[in-house]
Structures are given as C-alpha cells and as structure tokens.
Amino acid sequence: MSKKLHIKTWGCQMNEYDSSKMADLLGEYQGYTLTEEASEADILLLNTCSIREKAQEKVFHQLGRWKTLKDKNPNLIIGVGGCVASQEGKAIKDRAQCVDIIFGPQTLHRLPEMIEQVRRGEKAVIDISFPEIEKFDRLPEPRAEGPTAFVSIMEGCSKYCSFCVVPYTRGEEVSRPSDDIILEIAQLAEQGVREVNLLGQNVNAYRGATHDGAICTFAELLRFVAAIDGIDRIRFTTSHPIEFTQDIIDVYEDTPELVSFLHLPVQSGSDRILTAMKRGHMAIEYKSIIRRLRKAREGIQISSDFIIGFPGETKEDFADTIKLIEDIGFDHSFSFIYSARPGTPAADLPDNVDMEEKKQRLAILQDRITQQAMRYSRHMMGTVQRILVEGPSVKNPMELRGRTENNRVVNFEGQPKHIGTFVDVEIVDVYTNSLRGVFIRGEDEMDLRRSLRPAEILAKRKQDDELGVTQFKP
C-alpha cells in the first residue's frame, strides 16, 4: 500500500514552489505520493503565510480540523512549515499538541530526517533556522509539470520595510549560484518547459556566485536564461523599485524572451506614507523607472501591490495613490487593507484610520484598476496574440487555455496536440478575468527559434570530417 502525503499551501508563489519541492523530496527519498484528501494521508503538511492579519489563528483553526484525524490515527504525522512556523516556532507545539514537526522555509530540505526523528519517538522536532542556501543543494532534480515552471533564484529580503515580516521569517537576502539556476532551468527545458518564472522576495537584488568566483547580476542572469535552448518566455516575481537598475531595463530592450509585463510593487503613491513604510524611494522615482522601461519596451504593462489604510494615511495621501494609479495606468494590482504584523516597526504606530474608511478606499482603488485593466483588454479585441497553451480550459475541458505575454488567460477551441506549444489566436471577446480567442496558426507555421535539447544532440550520429572536426549528423 503506497504512502500518502497531503500538503495545504497558503500564500505567495514562493510557498507554492516550496510545497512542490516538499512533494518531490518526500516522493523521491521516501516514496510518498500526493493526495488531495487529508483523510487518506500518512503525513499532513501545512505551508503557512504570515503576511495577512490573523494568520496565526487561521493556522490553529486548520490544525484543529487535522487533530480529529490524528485522534483516529495516532500514527499520522502533522508538520507546520512556512513563515508562521518561523515566526511562532515552539509556540505552535505548545498550543497544538497534535503537531509533530515545525520547520521554516529554509529547512524544508531536512523533512526526511525530521520525519524519521518523529518515527523514532521524538515528541516535537523543530528546526526554523536559516542555513542560507543549503536547502537547494539537498533537493531532488526539478520535475516539470506542464510548459511553465517556477524557479527560485534567491531567498529572503534585506529591505526591512516597516510593515513587512519577510526579513524575520525568511531571513536576509541570499542568492543561489548562477550555475545552479541555469542547470535547473536547462533540466526543465529538457522536459518541455517553455516559460520560466524566476522567484524571490526581491529578485532584482540577485547577486549570485559564478563557477569562477565572480558575481552574476540579475541582468546578466536574465540574459543567460534567455540563451537556454527551449526557453522562449521569462517572467520574474517580485521586485523592489530601489534596485530596478538601468542594466535590468536594458535587458528589456534587447531580450525578446523577457515578457512585456512587469509586477513592480509600489504600495502607496504618497511620499509621506512611502517614507513611513521605509520603502527607500519617492513616487517620482517610481514613475521614472516606468518611463525608462516604456522607452526600452514600448507597450509593457505594469501591475503592482498597494496597502490601503497604513497608519496615518490621510485622504490626501490616498488621493496621491489614485493619481499614481492614473499616471502609470496599472493593468492589475494586489491590494489589501493594512494589518499590523507582530514584531514589525509599523505595528507600534497608532492605527488611526477608520475601518469603514479603509474599506471604502480599497473599493475605490480596486474599481479604478479594474476599469484600466478592462480598457487594456478591449484594446486587444481584433488583435492576434501569441499564447503559450497551458492545458484544458478550467470551465470547459473540451477547450484549451493559454496565456498572453501580458498575463491574460485566453480560452479557445483547439486540438490537444497544441498543449505545451505556442499558438496564435485572434481575440474576439473580452471578459473580466479572461479573453476569448479563435485559433489562427500553430507553432509549426511560425518562424520560431529552433532549439536543440541535449537529448536531441546526443541522438545524432557522431562523425569526424577529414580535418578531424567532430560533427553530429542526423
């Protein structure tokens, strides 16, 4: 009988990436297969997020539900990971006796050993340390699940914005060696991945060691990734304005694999609030970055993060945010009402903005960005868009679903053979969360760069010419 693993994930794409690595790790080394049903599992893992308010209470509510399963099956192992685990540590075990393992984002690679410790009778195994980049050296080879993949290039953040817990829960910035990243992406490309999304709390702060002891910047890494055979699209998430330097902007000018869509959090359009948030830049500096970006890549679309109702935010501050939204023309946003995170400097500030006022401001902001996004979508009507086909449509499995460069989902009628490839579609209808397309042409009719994967090269016949030069021929 196979051993079953159930993972519940909350939070950002970094957490999604970490959860996939947990599944790979326990699958390869201990033979666990994933199950969607917690009641079927031998191990339950909760990968937590501490960004939003009441994150801890959400964790304990979930653990209360899992406790009933452990009462029925005392051999069930329950683990809590992620940022709440880093923040709370042993306090989780003190409050939820059913928990066996507590681990942080930087120690998930030690899960097999921690599970064995529990099986040997240890009551609580806790490791929420920050062993820098060690976890990437201990994880199994990457496994592709479709034509797109996330690849973590760094961990942590050293910016210490006054509202943010990330430096305390994931540690300071640590970059993976560039060779390791390039190898991982090349392995994914060999498995059919066409688009990679480079992940980190602040990817443009990336400074990774190279094989010869030099330092690879984020701009250089982008160019290296673009040169990998089979990789035709590159995205990255997320960035900080103060390190969005000119060399990164220059990549947009000469690297078509880098998509014409950027998520660049600003949080507020008010200089006074940006200073209180310790963001390290003013609104005009953010606008300067976007102006230079649009000069390098005409038509690039921008999304952002906004915090509404930060302590001391006045109506004038909020008006500055709305003006920035209109000036930039944001296409999308992740926007939230401010909630104090324990241990952050902003948590000590008096929260003097009325909750009803916060809700009203949030509704105004979201409505403004929704209007702008719909306007962009309508401009796409009648145009031909190149999309990467990711799989069947969510609502109609008889149709296909793909994504444009500017991150819009397109549903269309097509053949299953197109999954994992690029197709051109004409946009014929616009909805709030998706577009409707009509198939125009497949990849075999496009003038795409022909990539040779390592297996294809090795499959060719080796032959030396009269000068002794080795050639590989079909």
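Just so it is clear, glycine is given a Cβ too, placed from its N, Cα and C backbone atoms.
These come from Swiss-Prot:
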- 3-120: domain 'MTTase N-terminal' (DOMAIN)
- CYS12, CYS49, CYS83: [4Fe-4S] cluster 1 binding site (BINDING)
- 143-375: domain 'Radical SAM core' (DOMAIN)
- CYS157, CYS161, CYS164: [4Fe-4S] cluster 2 binding site (BINDING)
- 378-441: domain 'TRAM' (DOMAIN)
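Feature map: Swiss-Prot annotations on the structure.
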residue	record	DSSP class
CYS12	[4Fe-4S] cluster 1 binding site	coil
CYS49	[4Fe-4S] cluster 1 binding site	coil
CYS83	[4Fe-4S] cluster 1 binding site	helix
CYS157	[4Fe-4S] cluster 2 binding site	coil
CYS164	[4Fe-4S] cluster 2 binding site	coil
Out of CYS49, CYS157, which has the highest number of nearby Cβ atoms, where nearby means within 10 Å of its Cβ, if these are the binding-site residues?
CYS157
Roughly how many Å separate the Cα of CYS161 ([4Fe-4S] cluster 2 binding site) from that of CYS49 ([4Fe-4S] cluster 1 binding site), to the nearest whole number?
17
Looking only at Cβ atoms, how many others are within 10 Å of the one on CYS161 ([4Fe-4S] cluster 2 binding site)?
21
What are the helix, strand and coil residue counts for the domain 'TRAM' (378-441) according to DSSP?
5 helix, 33 strand, 26 coil
Give the sequence-ordered set of same-chain residues, not counting CYS157, CYS161, CYS164, with Cβ within 8 Å of the centre of the Cβ atoms defining the [4Fe-4S] cluster 2 site.
LYS159, TYR160, PHE163, VAL165, VAL166, PRO167, GLN201
I need the CA-to-CA distance for CYS49 ([4Fe-4S] cluster 1 binding site) versus CYS157 ([4Fe-4S] cluster 2 binding site), whole Å please.
15
Report, as a single number, how many Cβ atoms besides its own are within 10 Å of the Cβ of CYS12 ([4Fe-4S] cluster 1 binding site).
19
Among all the protein chains here, how many other CB atoms are within 10 A of the CB of CYS83 ([4Fe-4S] cluster 1 binding site)?
26
Give the distance between the Cα atoms of CYS12 ([4Fe-4S] cluster 1 binding site) and CYS157 ([4Fe-4S] cluster 2 binding site), rounded to the nearest whole Å.
14
For the C-alpha pair, I'd like the distance in angstrom between CYS164 ([4Fe-4S] cluster 2 binding site) and CYS83 ([4Fe-4S] cluster 1 binding site), rounded off.
12
If I take every residue in the domain 'TRAM' (378-441) and average their pLDDT values, what number comes out?
96
May I ask for the distance between CYS83 ([4Fe-4S] cluster 1 binding site) and CYS157 ([4Fe-4S] cluster 2 binding site), taken between their Cα atoms and rounded to an integer number of Å?
13
